[in-house]
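> From Swiss-Prot, here are the annotated features:
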{"type": "TOPO_DOM", "residues": "1-91", "note": "topological domain 'Lumenal'"}
{"type": "REGION", "residues": "1-55", "note": "region 'Disordered'"}
{"type": "COMPBIAS", "residues": "22-35", "note": "compositional bias 'Polar residues'"}
{"type": "COMPBIAS", "residues": "36-45", "note": "compositional bias 'Low complexity'"}
{"type": "TRANSMEM", "residues": "92-112", "note": "transmembrane segment"}
{"type": "TRANSMEM", "residues": "116-136", "note": "transmembrane segment"}
{"type": "TOPO_DOM", "residues": "137-201", "note": "topological domain 'Lumenal'"}
{"type": "TRANSMEM", "residues": "202-222", "note": "transmembrane segment"}
{"type": "TOPO_DOM", "residues": "223-229", "note": "topological domain 'Cytoplasmic'"}
{"type": "TRANSMEM", "residues": "230-250", "note": "transmembrane segment"}
{"type": "TOPO_DOM", "residues": "251-279", "note": "topological domain 'Lumenal'"}
{"type": "TRANSMEM", "residues": "280-300", "note": "transmembrane segment"}
{"type": "TOPO_DOM", "residues": "301-306", "note": "topological domain 'Cytoplasmic'"}
{"type": "TRANSMEM", "residues": "307-327", "note": "transmembrane segment"}
{"type": "TOPO_DOM", "residues": "328-389", "note": "topological domain 'Lumenal'"}
{"type": "TRANSMEM", "residues": "390-410", "note": "transmembrane segment"}
{"type": "TOPO_DOM", "residues": "411-417", "note": "topological domain 'Cytoplasmic'"}
{"type": "TRANSMEM", "residues": "418-438", "note": "transmembrane segment"}
{"type": "TOPO_DOM", "residues": "439-467", "note": "topological domain 'Lumenal'"}
{"type": "TRANSMEM", "residues": "468-488", "note": "transmembrane segment"}
{"type": "TOPO_DOM", "residues": "489-496", "note": "topological domain 'Cytoplasmic'"}
{"type": "TRANSMEM", "residues": "497-517", "note": "transmembrane segment"}
{"type": "TOPO_DOM", "residues": "518-573", "note": "topological domain 'Lumenal'"}
{"type": "TRANSMEM", "residues": "574-594", "note": "transmembrane segment"}
{"type": "TOPO_DOM", "residues": "595-965", "note": "topological domain 'Cytoplasmic'"}
Amino acid sequence: MSSSAADPFAARLNSDVRQRHPTASATSKNVEGTSQQKQQQQQQQSEANAAASRVKKTYGKTPDGTVFVVPTTHDMVTQLLDPREPKNLSDVAVLAIIALHFLAAYYLPWGVKRPLFAAIFMFWRLAYNVGIGYLLTIQSKYKLLVTWAKRWKLFENPATGKNPRPWLYNLLKKELETKIPQDYKFEEAPIEYNTWLTFRRVVDLILMCDFISYCLFAIVCAHKPDGEGLFMCFARWAAGITLVGFNLWVKLDAHRVVKDYAWYWGDFFYLIEQELTFDGVFELAPHPMYSIGYAGYYGISMMAASYDVLFISIIAHAAQFAFLVIVENPHIEKTYNPPQPRVRCESEAGSQLQEFASEYSVPSTTGRHDNTPLPVHNLIGLKNLDFFRITDVAIVLLCAYLAVVTMVTPNTRFYQALFVLHALAWRLWYSAGLGVILTMQSEEKMFTRHFLKYGESVGEAWRQWKGIYHLSNCLCHASFIAASYKMYEFPADWTYGWALLKHVVGLSLIALQVWTATSIYESLGEFGWFYGDFFFDSKRQLTYTSIYRFLNNPERVFGTAGLWGAALITWSRAIFLMALAGHFLTLAFLAYVEKPHMQKVYGRNLRDDAGVTKFIKRSLPPPVTEWQQSIDKVLDETKHFIDEFVDAARSRLATGSSTIVKDTSALFNKYPARLTLSKISPDLAGYDPKHYGLSLAGTRVVGTNEKATGKESPNARVLKDVKTQAFEYGAPIRVKWTAPANHSKKDWVGLYMVTDNRSREVTEVPSLGRWVPTNPGEYDTTTDQGILVWDQPVEKKSEDTDLVEGEMVFEGDKLWWTQGVFEFRYHHGGGHHVMSISEPFEIQIPKFDDEHMGVDISGEVGERAVEAALLPVIRNCLDRDPDIAPSNAEERFGGHVERDGKYARRVVYAIRHMFGIDFAPAVVLADGNVRRLAWRICHAKEVLAPFSMSHTNGRTTPVDSKFSE
């Protein structure tokens, strides 16, 4: 949130304060002794204090721009349990439901309690993650909760005569005003704020019952393990209480920072006009309320000494992470991190990341390789696996060989030792061997010089290095997994000893390492993952995002957690030593390879302390801080002495390689809104389909007619008089409809493929979001956006009925992004009974035929022709949105293209059918403008020209002259 919008209020209130203070000061100097002036002074001072207090008030803004004072509210525990807080009917209902939980835990038979409370807790957990998640999702996307409140007139004053339920209005008014005695009037508050307050009461019930049912389930399952000693019992309870206390502190500190506004997802309804400051626990871990904020679950599991409680805690925690990923993160991205405005001028097109140009330095007659597109064929991830690439083939084959050998060899001590030594060798090569190569590359560009020596380019050196590093990384971890498999023994009894707990903790550590690696890759991108700044002079600035916001070197702490997890699961000395060696080698790599290079490249731009370090330093008492500073001073002096002695002065602080390539976490709008099939409406009597009609208008395709190609019989070559309309791929289509004046306000028009429906009377398939209602305000979703005109009287041409007309536009996600033959269907009354069908029309992508155009695709003229043909298609694919679609060939695409993969998929589909070139969607993201895409298309067509079937681009057989007779 930005504070700029709040500045006018602050400026106005501050001016009131400034105007009153001089008056009070002058009065006290001139007539200080009089009681009258003292009273004036006190009155003016109180006014100044009141103004100052108004300055501190929080202001909110609704989506329509309404600004209001956000009153102070209290958390649910205080509202429910503090006797000093006023109570109302909803509080009594919540407390009564909680009391029922306690009564059930006390009176039910012992054998019923455990499964019953497990089911009760899972019910409330689903109500939280699924129920609240669904409500928040539809509110974020469609403002549907506010729409429902408006439709049901929940907050409409009964005095207007428009509220059908005055009793409900009075109940809500009493409920909400009782809780907020200051700065709040039910009648004057925006509907978004009142809706949020009502939503809060539902959340209070779910959250309280969720927590209470979990605690009662833990109490029901609690027991003392057989044979547990006093020391172990004390340690278990001490650790559990510590985790619960830590959990309590996390929740309280998080609430201190975000207040009720973020605690109850207020930004789904309105925004507050002030800067967001995240300190305290928010510097300790990402999403602390969902990550370390659930530490208490595991503390309670320890105190209960129950695996049932532990497993249900893990399930609940996983469900909470799913809630975060599916519900909260998309809304956070949309609200606080919108795509950057599109760059209007592409002045840097030829210079941006020029070091990558050599990767595509192939011979060309254009000589324009200064504007070469970026490489896009990434290595990391299963989605990038390519069996036409030698690195991927080698990794798959070697891992397959390793897996086969692991499975077929016996688990004798000889083979176990052999596999452990094999894994150790790969670990040494991965950390020490590659570390030496990177050190020499940093100091004297050794790796690059080797390829330049044989006439290769810097890009070739970079590609080969990525392959070596990727292969080494995969084989290092695969060999460790194979060694762990050889040393693992399946437990004969999972309930004996610590067998089950070791597996749970071990798998958690492995998951932690996987998450850490994923976060690092998302932050650094492919360039940083493969240490690109060792090969190229990077001009990027260090930015600390994602996991690097909290840790300078996440690999130091969490990067080897999976090794210790495997050691815990296998419970093997050899694997433990392997984990120890791997951790030590990782620390050595960071200290002796990465840190010196980072110091040399980024220098003073390196950050001193990460978020966790800052938090710990601020939390220490002053004596400890002074002692720590003195120790640091002694260590620094000793370190400098040693560094000077060995002539290897290096910085004390270490940071991770933080060269950032843009975050490609795109939000995929994969599942559009859909309509549910319904029965034929019974109120069709009196509606004649002949009074309904649809007509279309759109951008027609300009090109040759290919329907008569000379391959038909002579009679079939005659073109028909009535031509089917053909519109451009992705171009908006305007639909004009006609209907009787008394038509249903819930009528709607949908777009379908002609072959999707067998019946002409009833539509048989869902519209999948490709529909627009005829009248606004009749449906809850955002379908009204396509309505242009509705219910305009039509000049009367027949005496039997009065007609009205309207107009709507289908664009963006309401279109089919494929070629084919389509039709619009007019439906009656919110159902699927068809009243009218438009004439069929085609969606076409005109082919770019350089042969008939007489254009040399390998020349600059050819590139310009491709640009001219490609630009309107790209604009259609990007919805013709000025914030996304370029106006010329040099302008970059908008930031939405990186966020939402649908745009890139539209573009590559169009290029495939227009030019016959199949690109990956990542190519569109890397090129970023039409000019680079045109260059890539021309280059691809030039390379593929010898394999083309056309005469101008080459022949399939080397025929240079006619056959001799």
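Here, residue 1 is simply the first one shown, and the rest follow in order.
The backbone N, Cα and C atoms fix where each Cβ goes, glycine too.
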> Could you name the stretch, out of 116-136, 280-300, 307-327, with the greatest number of CB pairs under 8 A to the transmembrane segment (202-222)?
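Maximum Cβ contact count belongs to 116-136.
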> Between the transmembrane segment (116-136) and the transmembrane segment (574-594), are there at least three Cβ pairs closer than 8 Å, leaving out pairs fewer than 6 positions apart?
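Output no: the transmembrane segment (116-136) is apart from the transmembrane segment (574-594).
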> What stretch, picked from 92-112, 280-300, 307-327, 418-438, 574-594, has the most CB pairs under 8 A with the transmembrane segment (497-517)?
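Looking at each of 92-112, 280-300, 307-327, 418-438, 574-594 in turn, the most contacts to the transmembrane segment (497-517) are made by 307-327.
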> Let me know the model's mean pLDDT on the topological domain 'Lumenal' (251-279).
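Overall, the topological domain 'Lumenal' (251-279) comes to a mean pLDDT of 84.
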> How many helix, strand and coil residues does the topological domain 'Cytoplasmic' (301-306) contain under DSSP?
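Per-class counts: 4 helix, 0 strand, 2 coil.
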> Can you count helix, strand and coil residues in the topological domain 'Lumenal' (137-201) using DSSP?
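The breakdown for the topological domain 'Lumenal' (137-201) reads 42 helix, 0 strand, 23 coil.
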> Report, as numbers and ranges, which residues of the same chain sit near the topological domain 'Cytoplasmic' (223-229): CB under 8 Å and 6 or more residues beyond its ends.
236, 304-306
> Grab the same-chain neighbours of the topological domain 'Lumenal' (251-279) for me: Cβ-Cβ under 8 Å, and only residues 6 or more beyond its ends, written as numbers and ranges.
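Contacts with the topological domain 'Lumenal' (251-279): 1-3, 5-6, 9, 58-63, 67, 70, 73-75, 136, 139-140, 145-146, 190, 192-193, 195-196, 199-200, 203, 288-289, 293, 328, 331, 335.
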> Would you kindly list the residues that approach the topological domain 'Cytoplasmic' (489-496) from elsewhere in its chain, counting only those six or more residues past its ends and only Cβ-Cβ distances under 8 Å?
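Those are 570, in sequence order.
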